[in-house]
Amino acid sequence: MDSSKPAKVVKDVVEAAAGKVTDVLTPDVPGAPGSAPPPFDEPTTPHGPLPPKEEQGAPDTRTPTGAETGVPKIAKGQQGAFLTTANGARLRDTDHSLKAGPRGPVLLQDHHLREKITHFDHERIPERVVHARGAGAHGVFVAYGTAEEVTRAGFLKKGTETPVFVRFSTVLGSRGSADTVRDTRGFATKFYTDEGTFDLVANNMPVFFIQDAIKFPDIIHAGKPHPDREIPQAQSAHDTFWDFVSLHTEAQHHTMWNMSDRGIPRSYRTMEGFGVHTFRLVNEAGATVLVKFHWKPKLGVHSLTWEEAQLIGGIDPDFHRRDLYDAIESGAYPEWELGIQVFPDTPEETFAGIDLLDPTKIVPEELAPVQAVGRLTLNRTPRNFFAETEQVAFHLGHLPPGIDVTNDPLLQGRLFSYLDTQLTRLGGPNFTQIPINRPHAEVNDMLRDGFHQHAVHAGVAPYRPNSLDGGNPFPAGDRENAFVDTPVTVAEAPKVRAAPASFDDHYSQVRLFWLSMSPVEKEHIIRAYTFELGKCYHQAIKERQLQCLANIDPVLCEQVATGLGLPAPKPTVPLAEVQPSPALSQVGREWPADGRMVGIVVDADSDLDGVSEVRRAVFAAGMVPLLVAAHGGTVGDLPVQRTFATGRSVEFDAVLLAGAPAPAPDALPARDDKAGAARSTTVDPRVLLLVEEAWRHAKAIGAWGAGAEVLRQAGVAGTPGVVTGDAGAEVFGAVQQLMGAHRVWERFPASVS
Ligand code: HEM
């Protein structure tokens, strides 16, 4: 096989195996499951496993001790043309148990049955206790060299390319929960550096609910479903969450980030990432600085609207996962710049009066600009979700020389927690030997034995000092690039369970965040609090949270109180005098729209040449066109991706109308709740719904030819962000420009300034 051309190999294999490929609709949009269209008939000619899809990657084929094997990645998958047992013996039947006669009982002797069922019975492992729902991708990080002055970490030296694996996640939901719930998102990156693995285990919000890791079980127990009924799933709109955050007021800052649009990202590709804690960097000369890590997405920071998030939760619970994989498959590789905010490493560990050890505080970018140090590109999807995304294990203690921790008490507890949980989740102490976790640096530890030991250690002396193994392994000295724990001076102090006084300020930065929002973002925050508190049963909890809001901002408090039908309390602390940070707002800039989905409504009367041209233009712009029509198959020669029955506006970032399709035979307004009431006898009601929703969610809409009639009937013609023209290409050009701002923000009148 020519593994450099997997798609061709697949096609040849399938065609040779089946004689004829029946799938005439070449899947030129991403998402088809196999690497080739399947034949209609079950294949009967033995052949090797089909190669993976072109965009799929896999962990490096290193040994458990980090050595390169030179073995192709494909060797980790199934081999050969014939079905075998786990031990490689060929099987002639896997459809029938071994029985005493065709109608007789099953024999205990059936080792194939027992192996197959036993293995299946043990396929599941415990899901992560938090961040259970996630999606991962492979990529590469290239350093700019701009961090060389502050750190000796080799992977940050100019031009160094480091393979990475990234896992994005939600926090609260179970592994099968929906992607678009309101929650914080995890953004964990494993850099396989030559000097040992570096894990940057970040979130899409720069602050955390708690200041001390000892409170982690409390906030998670409060956020997870109620323990009696185990509801609600994957969300914070319930009494226990608000009970905790209204009492434990250091959680208020992170809570407002969750209530803001950051809690419902449009895509993993449009999220920022934050290391949250302050880290310490050490350069070649041993000098140190304090830093905060930031990931800045190339596409900008964008969110869903709340209604979109809710609809998608039902229509496509895998929305973010699908978006990530589809973007990579279509070549719109997600990119971020890694940046650092740099602070002098002073004994006070503060900057501009902000305590750098308090993980509920940010340092506004206006005070300490984020300096770009490298670029991350995700360019391969996992070949196997379980092997890679589920088994990957991140840990803050995975640090290369040049990066060290600080005394942030949240960080310190995390240093314990990850390794501890992974011992159970991954079934023993040897999970660093699982392919996705294998370091790319030489491993020469003295850890031995344990469940699932993959390494075959040589020697007889796994202890130090030894003479029996010639003294190996030796501790590395300064010139051999050892990781050195920075000798930070710790002030003499009594042993106490206490926090510094600076940790008592729970409101000033929440107000800073609130005042930094544009009116439309403030409006969304108000609606989010009103919704979430409105779902609580107990009035005391709502009143207590209103008190917290009063301490943040009176307008916010009054508006939420009005929605809840409760009086707005007066603040119990003076409102903080703060300087807003415009960098925190997501609105008001222009961004590329790579990998976005454009729905194009067509019917047989549409100008299909024009539609073809628009499809090409959409692809050329790095986006994906999805044709929406009354039925599947083709319209003219063009393949249809969504029908009026299977598509929904929330899948699209923009909608183009190349026709005004008449009601299709399956448009049954009285029976199809999606069709709504019969408002038009000339346009399919689901097309009208599509346009109305797209308009309500402030998406760009364009129409040409008969499409303009749909705009008229939907009552949106001539409104902001709705363009018409004579030709599709011209209309798409205008729509593309509108998409740069993410939404047509004028369509959201705000009740606050
Ligand atoms: C700044 C605060 C925190 C951030 C940014 C953060 C981030 C993350 C992320 C991104 C993951 C998912 C990793 C993956 O994709 O596999 C995760 C998992 C986890 N976190 Fe945190 N976390 C924070 C605080 C904490 C604290 C305070 C604790 C405990 C004391 C904790 C315990 C855990 C555990 C047990 C997991 C599951 C790990 C696994 O099963 O592999 N986290 N966290």
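Keep in mind that glycine also has a Cβ here, set from the backbone N, Cα and C atoms.
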Site co-member for heme according to TrEMBL, given ARG167, PHE216, ARG414, TYR418, ARG425, out of ARG128, ARG133, ARG380, ARG383: ARG128
DSSP-assigned states of the region 'Disordered' (18-72) in counts, ordered helix, strand, coil: 1 helix, 3 strand, 51 coil
Cβ atoms near ARG425 (heme binding site) (within 10 Å, other residues, all chains): 18
Cβ neighbour count within 10 Å of PHE216 (heme binding site): 18
ARG128, ARG167, ARG414 as binding-site residues, winner by CB count within 10 A: ARG167
Set of same-chain residues at least 6 away whose C-beta sits under 8 angstroms from TYR418 (heme binding site): VAL201, ALA393, PHE394, HIS395, LEU396, GLY397
DSSP three-state assignment (helix, strand or coil) for ARG167 (heme binding site): strand
